[in-house]
Amino acid sequence: MRIGVYICHCGLNIAGVIDVSALEAMANELEDVVLAREVQFLCSDSGQEGIIKDIKDNKLDRVVVAACSPRLHEKTFRHVMEKAGLNPYLMEMVNIREQCSWVHADDPQMATQKAFDLIRMGVAKARFLRELSATNSKASRNVLIIGGGVAGIEAALNLAEAGFPVTMVEKESTIGGKMALMNEVFPTNDCSICVLAPKMTEVQNHPNITLYTYSEVTDISGSVGKFHVRVKRKPRFVLEDKCKGCVDLCSGVCPVEIENPMNYGIGKTRAIYMPIPQSVPQVVLIDPDHCVGCGLCQLACPAEAVDYEQKPEEIEFEAGAIIVSTGYQLFDASRKKEYGFGKYPDVITNMQLERMLNSAGPTGGRVLVPSTGEPPKSVAFIQCVGSRDKTVGNEYCSRVCCMAALKNSQMVKERYPDTDVTIHYIDIRAAGEMYEEYYTRTQEMGVDFIRGKVAEVYSGEDGRPVVRFENTLESSVEEEAHDLVVLSTGYEPTKAAEGIGRMLNLARRPDRFFASAHPKMRPVDAPVSGVFLAGCASGPKEIQVSIAQGSACASKVMQLLGTGELEADPMGAHVDPDKCIGCRTCVEVCKFGKISIENKKAVVDEVSCYGCGDCSAACPVGAIQMRNFENEQILAQVREATAHKSQCPFIVAFLCNWCSYACADLTGMSRIRYPTNIRVIRTMCSARVNPEFVLEALKGGADGVLVAGCRMDECHYIHGNFDAKKRMDILKEVIKEIGLDPKRLRTLWISAAEGERFSNTINEFVKELEEIGPIGSEFKQECAVPGVEEVTQ
């Protein structure tokens, strides 16, 4: 066996902390390593070409790359292996950046020791790597787009024009999202519906797009290439194929008046109504909660489109890929009770002002004080309502509110030049193209800006709202009465997104929006293969960014499904029939139904296997294994880690690829430090962790073992972490029976976005193990640890 080890400097990202030259020297002494080399940037063209040359010149048959996270560049180096004529799965990546140099910059010596331990573990696994080959399977070219806002519309049209069939599902009765309700859009002040309506109509008329409005996705199963989707179409009580959109005939005779849901509590409509004049589709609907069933609209409809007996409709179809563009919802301003929204009629939200400014809105484009019905002489905007606010659980900036307030203040000044307009802000964030100029223009129009937080809004003696605020530039606390107070409410994830997230096992960020696979390198990829994120589904952003992301998602889908075939990941489960005893344990464990019994032996559908490894951990005889994460490969890593115990307490950690390993990466990207006592072994799912791995680690001398996976109900393999928890809970009892402290085994269920929590857990675990004592101290044994200097020199 001839193994090559490559250690990346990554500029100073690694070499600024770790002694890379020492790593090279130590790696050269390892068994089966015929070449170890340090390189400035391994991912560069020259770095990759160097590896290819070395493989050919030195007849290398295995490669270990010590660099950044495999979640970032594993594919890159697998392509390098292919170019060099080797099987791409004969390469192992070792993470010495995100999980070493970036988190241990305060201890270069132990960071170097840890990096060498990780390289040794990588070499140990590399000895057992096998050649793997991918298989191709047919994929549906149909694309599901969840959400018909501007991001979803852009993605749909891009894909449809490229010949892909698209199914768009929108929960509201019209597509267009929030943009369709706005008056104008910054920084160009274009009429919002004027630029959006043609695209909305194009979606409806495009032969490659199937549109389901007033509908919701109720279930998604399957995987990339063959997602099985179930959609529920809610009854409009109006037949879409018959309705002509002549709303005045039916709505005009309706005796029931209701609040128009599109106007955010301002303005009325009838129980049978058209959401907005430019609705797509141009079909009215009946509000079943308020309709009295008088039958007048049915009598008035010349097309006989009204159908009181209409029932919900279930639709099922397959999709090869999914674009999640679920948008956002506005913060409920009534949660900030000190601002009086819902209590004082003249305190409104920015979106209510948008609807007033819209000529098709409830006031015909006039800004009116709700209590008087007259134009205001004084307007105050209060920024960051529900954003940058720990008291409501939203510490993040909603990114758009500042510019939206600037735009609407301009609109007010243009229509009412004599009206005084004031914006109370913490910081004005105007960082986009033409934004600073827009901010300057707003100032030049006479809008006043007061920096400082608003303490409260209360009703003055004359009934006008009074704003009590701090002015940090004047170092004063002041009060001022206004005719109208506008709250710039922040963005939050939609409630509908919660269900979609559960169906697709999508990770969430601390702000509760969906997390992408990598915030810089893969901003529109979800961690789940075949799923992409567009627009505000992944956080607050401007319209132009949402459009760009919609196009980016479409491009990703075209690349994925362009040939109509998918290359199946070979890292699934496989059965050794000579070992299999036909006990059916794996069949019962596999929640995806990918294992069956044929001729008293387990058989895996390897093309559609999800690759979680739950079955492998459950198999009582080791007959079923996970390719690239086989028992002997992982045990080799465990034994190598514990054979060179360089710290006490010493922790072996098994982290799942999707959440806990990604969380450890994020901890590094955030430069959040934790002790060097941990050695990480990556698995695809926490369910892959065989109790044998834990016992082997403790037997080898590890003082503690951490098994970490996704948060409960958020496992990327649905039930994987539940099974892992059951096994580890049982194993703790076994450890206790052996005579060891069961606290030596710790479990952690964490999202990919909880870096602080991950760091805190490691710190707590180290302290707890220090109190318990070294492994075996329960039997009065001492911990023998060679000096760090002895190991690293």
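Glycine too: its Cβ is placed from the backbone N, Cα and C atoms.
These figures come from a predicted structure and were not determined experimentally.
Sequence annotations record features per position, and here Swiss-Prot assigns FAD binding site to 147-170. In the three-state DSSP reading, A162 (FAD binding site) counts as coil.
What Swiss-Prot lists as [4Fe-4S] cluster 1 binding site is C243, C246, C250, C301. Its Cβ taken as reference, C246 ([4Fe-4S] cluster 1 binding site) is surrounded by 17 other Cβ atoms within 10 Å in the chains shown.
The [4Fe-4S] cluster 2 binding site annotation in Swiss-Prot covers C254, C291, C294, C297. The Cβ of C294 ([4Fe-4S] cluster 2 binding site) has 13 neighbouring Cβ atoms from other residues within 10 Å, across all protein chains displayed.
Positions annotated as [4Fe-4S] cluster 3 binding site by Swiss-Prot: C580, C583, C586, C619. Within 10 Å of the C-beta atom of C580 ([4Fe-4S] cluster 3 binding site) sit 19 other C-beta atoms, taking all shown protein chains into account.
Under the heading [4Fe-4S] cluster 4 binding site, Swiss-Prot lists C590, C609, C612, C615, citing sequence analysis as support. Listed in sequence order, the residues of the same chain lying 6 or more apart from C590 ([4Fe-4S] cluster 4 binding site) and placing their CB within less than 8 Å of its CB are D614, C615.
Positions annotated as domain '4Fe-4S ferredoxin-type 1' by Swiss-Prot, on the basis of sequence analysis: 233-264. Note on the domain '4Fe-4S ferredoxin-type 1' (233-264): mean pLDDT across this stretch is 96.
Taken from Swiss-Prot, the feature domain '4Fe-4S ferredoxin-type 2' covers 282-311, and the record attributes it to sequence analysis. Sequence-remote contacts of a segment are chain residues at least 6 beyond its ends whose Cβ falls under 8 Å from one of its Cβ atoms, and for the domain '4Fe-4S ferredoxin-type 2' (282-311) they are 173, 214, 235-240, 242-247, 249-256, 258, 271-275.
If you look at the domain '4Fe-4S ferredoxin-type 3' (571-600), the same-chain residues 6 or more away from its ends with a CB under 8 A from one of its CBs are 89, 132, 606, 608-611, 613-616, 618-629, 684, 717-719, 723. Per Swiss-Prot, the feature domain '4Fe-4S ferredoxin-type 3' maps to 571-600; the stated evidence is sequence analysis.
Summarising the annotation, Swiss-Prot assigns domain '4Fe-4S ferredoxin-type 4' to 601-629 and lists sequence analysis as the type of evidence.
Taken residue by residue with DSSP, M168 (FAD binding site) is part of a strand. For the pair formed by A162 (FAD binding site) and C246 ([4Fe-4S] cluster 1 binding site), distance between Cα atoms is given as 34 Å, rounded to the nearest Å. Sequence-distant contacts of L159 (FAD binding site), defined by Cβ-Cβ distance under 8 angstroms and a gap of at least six in the same chain, are V143, V166, N208, A554, V557, M558. Reduced to three states, the DSSP call for C580 ([4Fe-4S] cluster 3 binding site) is coil. Spatial neighbours are here defined as Cα atoms within 10 angstroms of one another, and by that definition C250 ([4Fe-4S] cluster 1 binding site) has no neighbours among the binding-site residues V150, I153, P165, M168, C609. Distances between the Cα of P165 (FAD binding site) and those of the binding-site residues C243, C294, C583, C586, C619 are shortest for C243. Of all the binding-site residues given, namely A156, A162, C291, C619, the one with the smallest number of surrounding CB atoms inside 10 A is A162.
Nearest to C291 ([4Fe-4S] cluster 2 binding site) in space, judged by Cα atoms and limited to the binding-site residues A156, C246, C583, is C246. On a Cα basis, C301 ([4Fe-4S] cluster 1 binding site) lies 31 Å away from I153 (FAD binding site). In this structure, the CA atom of C243 ([4Fe-4S] cluster 1 binding site) is 25 Å away from the CA atom of V150 (FAD binding site).
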